[in-house]
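**Student:** Provided herewith is a single structure, encoded as structure tokens, for subsequent inquiry.
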């Protein structure tokens, strides 16, 4: 039962890792930008969540719609004011711009909030659990995280494969120059895409901030986990990203059972092994 | 016939290289106009100039009196210019149907019967059974049908076809051109850029021969004199 409990905790944790990775995967898939600042954007939105809840004196759930609006606006501003001006013919240029953005964001957060770890609270819901099998208790909040991950991946899949915007997104992802030549407004598509990316980032940020502590330097570990989930799952496959997140989650939980110091390391080791065995990921295709 | 697309003194340059030196071209409703010329003569540059997709342009391109130069490609598509690009440019991650539907997102209604998927499948029945396959899995001729269908879904008033016969078997080329003739008979203006001179003259009402970015000869296709055209085509 101990092993079942560990694995189920790992599966649920994988949902959070998949949420970290969703936006990163979209930015890379559509805009071909490796957004090194993705982890820091998660942390920025966690701090925005903290500020909004403290300023308004309301719970995260009440403040969430406002935080999502702010996140969407931030996405539009980032694309319109920064990434739109970045030449993408050489992938190194946007990579360096994102790296610079990452450093700027970390230092701004350090200046504004200090280095002390912060956390958002969800009250009693954080501790609540349900017994799904005899002696097997699952945290309600962990279930919510996993449910949100599945719902968001399903929603994004529907958007990408069942809507006109998704069709345009895939066309631009296939060949931006051809899409523009035929009359697709690629700039508008990129702006909308970045807004959607930041909405996923906001959800991931709030859940991360409720689940554990965060500080201005937390972004890099989130970025690394997101990258690992994407690579394990296979580039372009959202359900694969969830599978990747779940694998890292299980590895971390099993590692933690062996020794607490093994938790993070176990995730990275499993990633390295899978990268060696399946370099193109478990589900290496573009149809998710 | 009323002139629908009126191109005056169109110049196009890529950096320092001048591709078009002041072209005058007209197309009327329901007319098929062929633009012929050798490789590098400036035929595709004319299409790029009309669609404002590449290079710096000057002069005037008017669609039903509305100036198109200076507009963005999305605005030009909405204005009523449908493009069947050279090389077909089918998106591999989109199915046949999705590739065609993409056109519906680009244009807008200009009166007349709007194009629908059903109408496209009536025009090109070969595509019906393959509608859910990836567009790039189809033969060259069928991909060309997708490209034409996608352009028609923008509900264009003028259809620009860039080298649609390239790499296709003669029977397929004949079928495609038969469809274009049928479309023109319904009022669509069609501009066909072609290297295959005889075929272009056979299916068009009028022609323009381009040499080094200038119109070297123009006239009624039925009256075309092969010797004069050959001279205008090759410049000797």
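Just so you know, glycine gets a Cβ as well, placed from its N, Cα and C.
Heads up, TrEMBL stuff is auto-annotated, nobody curated it.
TrEMBL feature annotations, pasted as is:
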- A:12-34: transmembrane segment (TRANSMEM)
- A:41-72: transmembrane segment (TRANSMEM)
- A:92-115: transmembrane segment (TRANSMEM)
- A:136-160: transmembrane segment (TRANSMEM)
- A:189-210: transmembrane segment (TRANSMEM)
- A:230-254: transmembrane segment (TRANSMEM)
- A:260-277: transmembrane segment (TRANSMEM)
**Student:** Counting Cβ pairs under 8 Å that are 6 or more apart in sequence, does the total for the transmembrane segment (A:230-254) and the transmembrane segment (A:189-210) reach three or more?
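**Tutor:** Between the transmembrane segment (A:189-210) and the transmembrane segment (A:230-254), which are separate recorded stretches, there is no contact, as judged by 3 or more close Cβ pairs.
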**Student:** Is it the case that the transmembrane segment (A:136-160) and the transmembrane segment (A:92-115) have 3 or more CB pairs under 8 Å, with pairs at least 6 apart in sequence?
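**Tutor:** When sequence-distant Cβ pairs are counted, the transmembrane segment (A:92-115) does not touch the transmembrane segment (A:136-160), since fewer than 3 lie under 8 Å.
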**Student:** Do the transmembrane segment (A:12-34) and the transmembrane segment (A:260-277) share at least 3 Cβ pairs under 8 Å, sequence separation 6 or more?
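**Tutor:** Counting Cβ pairs under 8 Å, fewer than 3, so no.
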**Student:** For the transmembrane segment (A:41-72), could you work out the same-chain residues 6 or more beyond its ends whose Cβ comes under 8 Å from its Cβ atoms?
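**Tutor:** Contacts with the transmembrane segment (A:41-72): 20, 23, 35, 105-106, 109, 112-113, 118, 120-123, 195, 198-199, 201-206, 208-210, 214-216, 218-219, 222.
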